[in-house]
Amino acid sequence: MKNVAVDEIEYIELCVGDLLQSTRFFTDALNFRRVAEGGPETGLEAQRCVLMQQGRCRVLLTQGLTPESPTSEYVQRHGDGVRDIALRTPDLVATYAHVIERGAHPVREPAILQDGHGRRVLKATVQAMGDVVHSLIEREGPWEGFLPPGLRAVDAPHAPAKELFSGLDHVAICLTPGTLDAMVRFYTEAFGFRQSHEENVKTHGSGMNSKVVQSPSGRICFPMQEPISHENPGQIGEFLARHGGPGVQHLAMLSPDIVASARQLRTQGIEFLDIPAAYYDRLEGRLGPIPLDLGPLREMGILVDRDAWGLLLQSFTRSVHPRQTLFFEAVERKDARGFGGANIRALYEAVEHELSRAQS
């Protein structure tokens, strides 16, 4: 896609029913810091926002101020959830024209705005899947310090004692049955992404198909999955039912030290999915010798996989939302570039177990 590209996630917008509670969760439990805020007094219509940041990850928390606002209606349909995966482009006009030509549905046409520092911003919005959209943003200046339009920097942003994450590794998406291939085509044809991974998981009568698409820069990555069966859709179908359609299942945060991050998160009230002891008993038989102390990995419930380049370590939180939908993942890449096919199966089985536990 010559001269047309999206090369980075600017921010993730998370619509919430309680902005104060959500802000406290991101600061106190996940070690994000509050860097900007906005509302009607800064030009935002019927909503209030707080911008959270950690490393190179921004999460824009948005609450509607009236029952009729689009944000409130989103929360009524889906509960707390991701509405916008905003993408940076160096050429908005060309990118917008290209993605519309390749089948993207327009939500908002290109407009000239100002960011939180008064600098020129071009912004447009297209539909992704379900009620999830992509804002396309062309901005001046570096990523650091950029504030979306309608936000103002807070005077003294609260900084946690220690950042646990350096950025966003990937955004995992659940799709309705039979739509996975179409979404892969959408991202490859409209945005110039490439498919980098494919996995099929079957267990106890349910299962899923999973494919991963990545931007040419590698900085945008979407693992997407659909249920294999309409009759027994399993955990993916459970997400679709609780969420009210397709959407973002989890946000994966990149950690330089996943054991330390998981340990700190646990002290701050974060709960992780249980991993069976047998997983660790069989680990070296499956992967061969691992140059790591398995004791802390077992203690913290961290999954391990290996690809041609190195080791991949992953751990998954329990959802804190009433609908048990959105959750988080911690990732450490010891040179690994893939997504751990065996870990995908282990995660699927762990979430299936979690659903059974919650229903019992």
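Please read every residue number as a count from 1 along the shown chain.
Note that Cβ sites are derived from N, Cα and C of the backbone, with glycine treated the same way.
Just so you know, TrEMBL annotations never went through curation; they're auto-generated.
TrEMBL lists HIS170, HIS250, GLU329 with the feature Fe cation binding site. For HIS170 (Fe cation binding site), other Cβ atoms within 10 Å of its Cβ number 20.
Per-class residue totals from DSSP over the domain 'VOC' (8-139), listed helix then strand then coil: 33 helix, 66 strand, 33 coil. As annotated by TrEMBL, domain 'VOC' applies to 8-139 (among others).
For 167-318 (among others), the entry in TrEMBL reads domain 'VOC'.
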Cβ-Cβ distance under 8 Å, sequence separation of 6 or more, same chain as GLU329 (Fe cation binding site); the residues meeting this, in order, are ASP169, ALA172, HIS250, LEU251, ALA252, MET253, GLN314, SER315, PHE316, THR317
Any idea what the model's mean pLDDT is for the domain 'VOC' (8-139)? 96
